[in-house]
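Engineer: In case it's useful when we look at the structure, here is the feature table from Swiss-Prot:
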type: BINDING; residues: Ser9, Lys41, Leu74, Lys88; note: substrate binding site
type: BINDING; residues: Ser9, Phe10, His17, Gly89, Leu90, Arg91, Glu99, Tyr123, Val124, His125, Leu126, Ser127, Ser128, Thr129; note: ATP binding site
type: SITE; residues: His17; note: site 'Transition state stabilizer'
Amino acid sequence: MRRAVCPGSFDPIHNGHLEVIARAAGLFDEVIVAVSTNYAKKYRFSLEDRMEMARETLASLRGIIVEPMGEGLLAEYCRHRGVSAIVKGLRSSSDFDYELPMATMNRQLTGVETVFLPAEAHYVHLSSTLIKEVNVLGGDISEYVPKSVLKRLLAGEPPTEPSRKG
């Protein structure tokens, strides 16, 4: 079985993410959407909410598993889950410059390869941060996020602090 992981914080998941994950699902038998938490970041949505939004929006795709990544190195997570490839979307050359050293390190640590998928032109400008900023300022983001995500963003819930379980 060819298994890949699409890691990210997905705060929130948007149509650019969905497009890359759908393309990955066409390349691999199983794609794990690994929702990460960086304890140095302030999140708009809790880990549970981010996972729920991902599950809701990806439910129609076969072979998709949504789970928390947990703490630690992505390469070790891949080894533990039997993943042969990490799939990353690239919006620009600066994304490539950022991702290439990590891809090289992941391959050296555990042999896991990184597959880069260029973003569709319609989504190259998207980021979760930009979507949250435009939303807070009253802009229309409905073209860029799934309806279930839009509903949550418009509900105006306060940002959440990541919780350490332990």
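Don't overthink the numbers, they just go from 1 along the chain as shown.
Note: Cβ is positioned from N, Cα and C throughout, glycine not excepted.
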Engineer: Leu74, Leu90: which of these binding-site residues has the sparsest Cβ neighbourhood within 10 Å?
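Structural biologist: Each of the binding-site residues Leu74, Leu90 was scored; lowest Cβ tally within 10 Å is Leu90.
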Engineer: Just to be sure I understand: of Ser9, Lys41, Leu74, Lys88, which binding-site residues have a C-alpha no more than 10 angstroms from the C-alpha of Ser128 (ATP binding site)?
Structural biologist: Ser9
Engineer: Just give me the nearest neighbour of Val124 (ATP binding site) among the binding-site residues Ser9, Lys41, Leu74, Lys88, Cα to Cα.
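Structural biologist: It is Lys88, whose Cα lies nearest.
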Engineer: Please name the residue among the binding-site residues Ser9, Ser128 whose C-beta has the most neighbouring C-beta atoms within 10 angstroms.
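Structural biologist: The most densely surrounded of these binding-site residues is Ser128.
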Engineer: For a quick check of understanding: among the binding-site residues His17, Lys41, Lys88, which residue's Cβ has the most other Cβ atoms within 10 Å?
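Structural biologist: Answer by Cβ density within 10 Å: His17.
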Engineer: Quick one: pull the CA-CA distance for Leu74 (substrate binding site) versus Leu90 (ATP binding site), whole Å only.
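Structural biologist: Cα-Cα distance, Leu74 (substrate binding site) to Leu90 (ATP binding site): 18 Å.
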